[in-house]
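This report concerns only the one structure given below.
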Amino acid sequence: MDEILNTINSPRDLKKLSLPEMTQLANEIRQLLVKSVAKCGGHLASNLGVVELSLALHTVFDSPEDKIIWDVGHQAYVHKILTGRREQMSTLRQYGGISGFPKVEESEYDAFNTGHSSTSISAALGMALARDLQGQSNSVVAVIGDGALTAGMAFEALNHAGQEDSDLIVVLNDNEMSISKNVGAMSAYLNRLRTDPSYSRTKEEIESVLNRIPGIGPNLARAAGKFKDTVKYLMVPGIIFEELGFTYIGPVNGHDLAELKAVLSNIKKMKGPILLHTITQKGKGYEPAFQKPDIFHGVGPFDVDTGTQLKKSLKTYTEIFGDFMLNQAQRDNKLVAITAAMTSGTGLSEFSRNFPERFFDVGICEQHAVTLAAGMASSGLRPVVAVYSTFLQRAYDQIVHDVALQKLPVIFAIDRAGLVGEDGPTHHGAFDFSYLRHIPNLIIMAPADENELVDMLHSAFSMEGPVAIRYPRGVGEGVRIKSERQLLEPGQSRLIAEGQDLAIIAVGRGVSIARDVVDLLAGKGVNPLLVDARFVKPLDRRVIAGAAQKYHRLLTIEDNSLAGGFGSAIGEMLVEEGIDAELLHIALPDEFVEHGRVELLFEQLNMNPDSILESIAGKWPELFSAGSRWELLKFGQN
């Protein structure tokens, strides 16, 4: 079944294959992709769309000497298969297995770590300039999608690359047909001419190129003489790239191996910055993904025969947010929703269909999204910016300068906060408390369950100034959402359990963990107070200060980085209040956390209930009886 694929252990093995063998290899790779993602979850549709492109790149170029940088990196599975990681695909995105994104620590063939969008051209240009300064001659290739090309950073890099005139190849993987549909015989003929080294084509030479097109060429050339600028813009679909200093080539059929190899071979010999525009189809070769590429962009485990995903019984926080937005929009005609190319991921698909005039998908432009919201808020609207925690980092200055400084009522719905699991360190939302907490005028909340999320969203519309609500990926706690909404006052915490031995102050996902810790402590004869803080800023200073003064032992639990997070805020507050109390902070460590199931990651980080119990016993052994201490000691040694 995989008779060719099993012989491919490095890109060198591709160079001896015939075209029919490579076509068969493409089919075998697609079968492995479907099998692997069905088991492990991941990005399927985009990888099915770049099989031929990946094969052609690794056949023409000599990786790892030649550098190939995959923008975002979610489409690099084929690259991994071709570079010695075929046997590890069964561990894709699993703890201890291979990453779902390029990772320099994983392989010498991964030239640059990616995970966020639109960084590839900047990184590739940096490598090209470093190569030039060091007198080297290797090729540098950036592979970027049409969606990623919407980001300002990509255009900044294109602009700079055109000025530098260094040898750099940018492959535009257009899998949405959003830039050009001009694929056909005439385009193929032009591509052959454009990439033939005997034609050093310039804008001034376009007439000679037109003359070589069979049949219609001379007439077009005569028209070009009369309408030079018009013809230039009509005949060169990538004129924007030409004006930026790139030689534009394309569109090329991204599934035609022979064409791709021929064009790339010629491009490799050309000088200066080159942009190759390829047209690919997401989901190619697997019908469910081909028919619904958006569903199979990022997908959980599924049944290969039907494409049906394994369903979860509870609603996700994302779905609950989406439901709230639909209901709120019916009551408040000033509500508008903004997202940065994450309509489905942030739960706004139904909103976009029901309220298209009040929905704005700005593309991969988080900075613009935030300042767009600021402009709307300054003019009387109530914008909600729905964004992943890890991507909101990209708009930090806009949050500070354009929103918070002016106290504008923008609501940030921050999805995928804390650990997100299998997507790993580039996607964990580990830092939002830390990078938001010190911004003046900003209120920050984190729900412990589904009902609390709805209460916080409801309350945000009554608060003055900007509000950030961060919530985790995945399903909720199974709490019933009440029909009556509670209007929360800024800083208002919730007492969950009275106690007498120590105080536990938790927030967000930390509350669920804290509940389990309380149960474990009760089994050891320890009775703690448990408070759901709800707010990271402002803190409920009265409740927290009172607990510290009464118990003198304070345990904080959060799923944010320890540095600058919720626990740090409490420590700072106690110093300000002059309260002497012993603190134990449970939070994410000062390191980038690997990929894997969230529950397993918490266990590895000693943030699961059993590990926290051990930490409490180590910090305050006097809370436990002699027998309990001995049991905990033995447990910790096992």
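A Cβ is built for glycine as well, from the same backbone N, Cα and C atoms used for every other residue.
Features reported for this protein in Swiss-Prot:
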type: BINDING; residues: H74, G115, H116, S117, G147, A148, N175, Y286, E366; note: thiamine diphosphate binding site
type: BINDING; residues: D146, N175; note: Mg(2+) binding site
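Everything Swiss-Prot records as a feature, shown here on the structure.
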residue : record                            : DSSP class
H74     : thiamine diphosphate binding site : coil
H116    : thiamine diphosphate binding site : coil
D146    : Mg(2+) binding site               : coil
N175    : thiamine diphosphate binding site : coil
E366    : thiamine diphosphate binding site : helix
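Max Cα-Cα distance over the annotated thiamine diphosphate binders (H74, G115, H116, S117, G147, A148, N175, Y286, E366) is 32 Å. Using a 10 Å Cα-Cα cut-off from D146 (Mg(2+) binding site), none of the binding-site residues among H74, H116, E366 qualify. Less than 8 angstroms from the CB of H116 (thiamine diphosphate binding site) sit V72, T390, F391, R394, T426, each of them six or more residues away in the same chain. The sparsest Cβ neighbourhood within 10 Å, among the listed binding-site residues (D146, N175, E366), is found at D146. Within 10 Å of the C-beta of G147 (thiamine diphosphate binding site) there are 20 other C-beta atoms, taking all protein chains into account.
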